[in-house]
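S.K.: Mind having a look at this structure? Questions to follow.
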Amino acid sequence: MSVKPVTITITGAGGQIGYALLFRIASGAMLGAETPVRLHLLEIPQGVRAAEGAALELQDAAFPLLHGVEVYDDPRSAFEGTEIAMLVGARPRTAGMERGDLLAANGGIFGPQGAAINAGAADGVRVVVVGNPANTNALIAASHAPDVPADRFTALTRLDHNRALGQLAATLGARVGSLRDVTIWGNHSATQFPDVSHATVDGEPVPHLLAARLGGVDTAKEWLVDSFIPRVAKRGAEIIEVRGSSSVASAASAAIDHVRDWVHGTTNGWTSAAVVSDGSYGVPEGLVSSFPVESVDGAWRIVQGLEVDAFAEHRISASVAELVEEREAVRALGLI
Ligand code: NAD
Ligand code: LMR
């Protein structure tokens, strides 16, 4: 029986992350080896030639799962019938900038794209925003799509989640695959809170393992506060400094993980994604904030009932306060 191809729109497809994403999606890494895909590449006119070049290379790679590639410079056509929208196209920051500094430059992209998704995307469309500042850009897009349920709009914090796994695995001498239940809370920014208080390695609590490895409970706490949290939260800036430009392959890989788990379900505990808040954990309703999430029956569900101690509450509130400020800023700019 032939399976109908899934239509996926990738914005900024002529850019760095676009280039890293397209070939993995076409190979089946995102939706699996049984699911054919049709790719819609959206660019601004200056980026169209680069996207067309990528389309030529996709043809040359002869992926059996790839059932077509179209290049567009018009959001309405690019989102027509789309089932998965990956909103990557936006300017990256450079050294010395915070991601929030991009709001004025990038915010204007996401209203028209939200409206185009509202007008033409398939029922049940799934949207992930990668372009920075990702949480608030997702809020802008969702606010222009009144007919699409808000839970279809998400922003990427899986890269932060994966960075946290990488740091913990290296420090504990553990396999990444043995770690579960790490959480990124809040904004994809330097205020985010990477939280290991519920995390385990092969069932052993990470806080205990860190204390054993680092010479006691106090040393482990110091490491978390002074090394781990800032290292994960500022890893994007570290990559920019070391590479000379912002993360690409790790960002594309995280976006693939996000969509794969959303469609196929989470299997090894929870993960992190920025979703529209329903008020859980005191995060104001409507903000797009990162939470511990599981994907069940094709929908993200915020993991409920976790204990949040005073330290965690303080960190989460600080990041949420920044999201509230960003919402005010885009309101003042007339973007929502
Ligand atoms: P890039 O400059 O290489 O590519 C961006 C592409 O977007 C360009 O080709 C540009 O022409 C295109 N573009 C700009 N406006 C557009 C629009 N309105 N419609 C369609 N395309 C448009 O940048 P990159 O390295 O691919 O990064 C893209 C974005 O992703 C940046 O904002 C970056 O900060 C962000 N990012 C987010 C994460 C995350 O974890 N959320 C990680 C890495 C990068
Ligand atoms: C990242 O986390 O690597 C991206 O958001 C790029 C950046 O500006 O940090």
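Residue 1 is the first one shown; counting continues down the chain.
Every residue, even glycine, has its Cβ placed from backbone N, Cα and C.
Per TrEMBL, the feature domain 'Lactate/malate dehydrogenase N-terminal' maps to 7-146. Look at TrEMBL and you will find G12, A13, G14, G15, Q16, I17, G18, N106, Q113, V130, G131, N132 tagged as NAD(+) binding site. The substrate binding site feature in TrEMBL is assigned to R93, R99, N132, R163. Feature annotation from TrEMBL assigns domain 'Lactate/malate dehydrogenase C-terminal' to 157-330. TrEMBL lists H188 with the feature active site, proton acceptor.
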S.K.: Just the binding-site residues from G12, R99, N132 whose C-beta lies under 6 Å from any atom of ligand 2, please, or none if there are none.
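M.R.: What lies within reach of ligand 2, judged by Cβ under 6 Å, is R99, N132.
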S.K.: Helix, strand or coil by DSSP: which one applies to R99 (substrate binding site)?
M.R.: helix
S.K.: Counting by DSSP secondary structure, give me helix, strand and coil numbers for the domain 'Lactate/malate dehydrogenase N-terminal' (7-146).
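M.R.: Residue counts for the domain 'Lactate/malate dehydrogenase N-terminal' (7-146) by secondary structure: 65 helix, 26 strand, 49 coil.
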S.K.: Whole-number Å only: compute the distance from the Cα of Q113 (NAD(+) binding site) to the Cα of R99 (substrate binding site).
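M.R.: Just about 20 Å between their Cα atoms.
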S.K.: Among the recorded positions R93, R99, R163, H188, point out the residue whose Cβ has the most other Cβ atoms within 10 Å, with all shown protein chains included in the count.
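M.R.: The residue with the most neighbouring Cβ atoms within 10 Å is H188.
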S.K.: Around the Cβ of G131 (NAD(+) binding site), how many other Cβ atoms lie within 10 Å? Please give the count over every shown protein chain.
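M.R.: Cβ-Cβ neighbours of G131 (NAD(+) binding site) within 10 Å number 27.
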S.K.: At a 10 Å cut-off from the C-beta of N132 (substrate binding site), count the other C-beta atoms across all protein chains.
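M.R.: For N132 (substrate binding site), the count of other Cβ atoms within 10 Å is 27.
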S.K.: Where does R163 (substrate binding site) sit in DSSP terms: helix, strand, or coil?
M.R.: helix
S.K.: Just checking the recorded positions G14, G18, H188: which sit within 10 A of R99 (substrate binding site), CA to CA?
M.R.: H188
S.K.: Return the single residue from the binding-site residues list (Q16, Q113) that has the minimum number of other CB atoms within 10 Å.
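M.R.: Comparing Cβ neighbour counts within 10 Å for the binding-site residues Q16, Q113 gives Q16.
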